[in-house]
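Engineer: Dumping the structure here so I can ask a few things about it.
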């Protein structure tokens, strides 16, 4: 037999093949008796019969391949030359390094960019925002960071979806319409709402949802950096009490002739019932600062039982002068001071304080004071109570502000530390002694009411003011100890005097800010101590500095990291979850997949699909209902076995998409072609 020659000049033995054995009728027919359409159908029928024969000999396949190659050459198609082989190629089960590396790299890049975004914004926080151009660039960089972070996270989701889809199509048969929706999850969001997709591939639908919602991660981070106006803060030296300067003030010629500077400040503070304005100002119209310093103040309390003897002696001495407190009402001396034939005056004591040096005038008081006292005390007797105010070191926290020249000083807190011991004459303790003396000076004196004849020529009794021997004490007349004294209940209200004591002592807003003697005395002592800071003769201003907040403003960046960290953490968690699903899918599949054109081309080589695709080879929409409802599955085709392996379980079969009933389960590591 003559050898068969093909266009590529390769020689082959003619195949041992019988058309009759394969059901092909090659009987001669008369062309004149057959129409052109019938001839085309007859020719097509023969070709189709050959292609659809399930058990074609390998030699025929070679001839067909060579013939096709020759046809391609004759039609000028540039197809790659395929080497002739007599053995079957089997698939290679191997996970390519590129896909896992890409997923891990994208996750790492997203994390690095998220951290970089945080570091960038944190570096800007608190810095001047500058002009509009600089602010615009910070927004651009922040937006770029957010965009790149989301891009990395979405890339992981897309890659994961590509791996997981192949796990789905291997495990079950799906309608072609559902396959279209699955492969379009990242390009068509409407696919997410398909009930069949959610039912048959719920995890794939979840991955698609993560892909489409990942953009929300970028919304909050870019807005965590804002520009706000803040007051300019400058550092300036602040006055600090100086003990040396205090001693020099007591020894100055002015102090000998007139009054010490510290004493003048104490008296002025008492008359103002406020802090003496400090001699301190800066250029801005509005400014403020907080400061904490240590100074001497008074801490008041009710007298202890061991101290009550001093007060008992004091009120006894006053009673002999017809000056009474509430507990003495209706005692023998009270009753004896008034007779019908010779009326005498009675004095009602509302406030009384005696300087320490005055205690020495009475030997009994001196003995009581020396025996009972180890520190500096001021004894205050009201109409109903006995009060002891002790000199103490305290930590004072204040806020000093100025609003257009009007100074405001507000006490924040006072922490009492320790009592001041009696001075032994050393210079170090003289500072405390002189400060305590200033307190005594402004607090000494009494507030007394007189009970006597109301009007000349008439018989009756009324309350009239008799004595406030220290004008500085008027700030105490609004205290509850005076206004609510039980002395007021001794007299019935009249039309002319419905509230006798309140009518005598008018209440002013600036008086007795804390409503009681004890709190008012403490308040006054703190105001006096703060007032010392206003005199350069009592302070030094070169040792401590304070940050002073002014009314001048500038724009600065303010970074609030909460929503940036929260958003990126959620995105990173979802991306990590997707990455884990993708890596696990590759492990289960045994290979790394993609949704590329080549992957679709290589997995759809099935004659059954060629027949199904007749008339739809353009791939245009819409698909017919019969095609959309056809179920396909990816796996080894039951009819695709090598001829020599027919009937054997070990026969390698072709893997492709096929009709659900014609596809077997694809086993990882199996031998397939």
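Each residue, glycine too, has its Cβ placed from N, Cα and C.
In TrEMBL, annotation is done automatically, which means it is predicted and not curated.
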Engineer: Looking at 82-101, 102-121, 222-241, 242-261, I want to know which stretch TrEMBL calls transmembrane segment.
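Structural biologist: That would be 102-121, per the transmembrane segment entry in TrEMBL.
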Engineer: Write down the single range among 562-584, 585-607, 608-630, 631-653 that appears in TrEMBL as transmembrane segment.
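Structural biologist: It is 562-584 that TrEMBL describes as transmembrane segment.
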Engineer: Looking at the candidate ranges 190-212, 282-304, 305-327, 328-350, report the one that TrEMBL labels transmembrane segment.
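Structural biologist: In TrEMBL, residues 190-212 carry the label transmembrane segment.
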Engineer: In TrEMBL, which of 16-36, 37-57 is tagged region 'Disordered'?
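Structural biologist: Among 16-36, 37-57, the range TrEMBL annotates as region 'Disordered' is 37-57.
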Engineer: Who are the chain neighbours of the transmembrane segment (141-169) in space, where the CB to CB distance is under 8 Å and they lie at least 6 residues beyond its ends?
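Structural biologist: Contacts of the transmembrane segment (141-169) (Cβ under 8 Å, skipping residues fewer than 6 from its ends): 99, 102-103, 106-107, 109-110, 113-114, 116-117, 120-121, 179, 182-183, 185-186, 200-201, 203-204, 207-208, 210-211, 214-215, 217-218, 221-222, 225, 568, 571-572, 574-575, 578-579, 581-582, 585-586, 588-589, 592-595, 632-634, 657.
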